[in-house]
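Enquirer: Sharing a structure below in structure tokens format, with a few things to ask.
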Amino acid sequence: MYNLSSIIRRKSTRIYVGKVPIGENAPISVQSMTNTKTTDVAATVAQIKALQSVGADIVRVSVPTMEAAEAFNQIKQQASVPLVADIHFDYRIALKVAEYGVDCLRINPGNIGSELRIRDVVASARHHGIPIRIGINGGSLEKDIQEKYKEPTPEALLESAMRQVSFLERLNFDQFKISVKASDVFLAIHSYRLLATRIDQPLHLGITEAGGARSGSIKSAIGLGILLSEGIGDTLRISLAADPTEEIKAGFDILKSLRIRSRGINFIACPTCSRQEFDVIGTVNALEKRLEDIVTPMDVSIIGCVVNGPGEALVSTLGVTGARNKSGFFEEGERKGRLDNQQIIDQLEAKIRAKAALLDKKNRIQINQL
């Protein structure tokens, strides 16, 4: 497929969350966060595995209490994906999970306490060889910054971020990434743009509290899409009030749309009209659900008639062009036969799986190639 993309990634330093590289032109990693009670070890482990099954590179787990920290110890032993511990208010929890082998600590300067406490967290991170994510959020800025700016502004988020960066620099600690999240799309965009010009550490992208699955995905796609198209961002999370697996799917969809990183099938489908010769919407919905396990990147066009079908099939890995009773099937732009419209879902699924097996290029981050 013709690609007009000319994204030049912002230069950044590299850190590792577990074995996943972040920054310095590493593939943009996609992460999510569990929403189970962390003290429910079985439920949390099950959700981590579900997230991993749809492509999560990193999973964040909230650790609000010492009891949750003890549960985290058990969870970490059962997880094969890198885990980030989300810490607020009590810095001692960060020290405890560091002992338990956490892969990254996420702290919020607005509520973690004094610089002395942050100093202790940094010392622990250094000792255990783990990075820190500094999470700046428009809804929880430090009190003096709130009083100065009266409301969240890009300058307020930047000041909060640079305060922490300067402190970490004084401690000679450079193993960190940083985020400046806001629920307002423009506030987030401008905050990240400002920060990107001031530091070279990796940036964690996100629109915080974006909303439900539909509206939140759209807000995140607009905000993160603009930043990513400008080369800003090294890892991302799509924050949705929905099943966390939807965050991973949305994250990959955004990266896929910008041709930055692909995972699984990119379906190209018409919105349908009276010319469609088979149920396009039902076919696409069924195949998206059936083929969630496919990680091989490929473009599959499903067009209900001959107006645009042949043209889309020409530039797709596989394509279907609607025709009466039997629709045309294309592979790599060449017509390869016809599919029975009554059996089109089963037949197309088989074709896609066969092609995926042939290509066999799993698009996960390959550590040994970086």
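Positions of Cβ are set from backbone N, Cα and C atoms, glycine also.
Note that the structure is predicted; figures quoted are calculated from it, not measured.
What Swiss-Prot records for this protein is below:
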BINDING   C270, C273, C305, E312  [4Fe-4S] cluster binding site
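Please situate the listed features within the shown structure.
Expert: DSSP assigns C270 ([4Fe-4S] cluster binding site) to coil in the three-state reduction, outside any helix or strand.
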Enquirer: In the same chain, outside C270, C273, C305, E312, whose C-beta lies within 8 angstroms of the Cβ mean position for the [4Fe-4S] cluster site?
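Expert: Going along the sequence, the neighbours come out as P271, T272, R275, Q276, V280, I303, G304, V307, N308, G309, G322.
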Enquirer: Quick one, of the binding-site residues C270, C273, C305, which Cβ has the fewest other Cβ within 10 Å?
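Expert: Candidates: the binding-site residues C270, C273, C305. Fewest Cβ atoms within 10 Å: C273.
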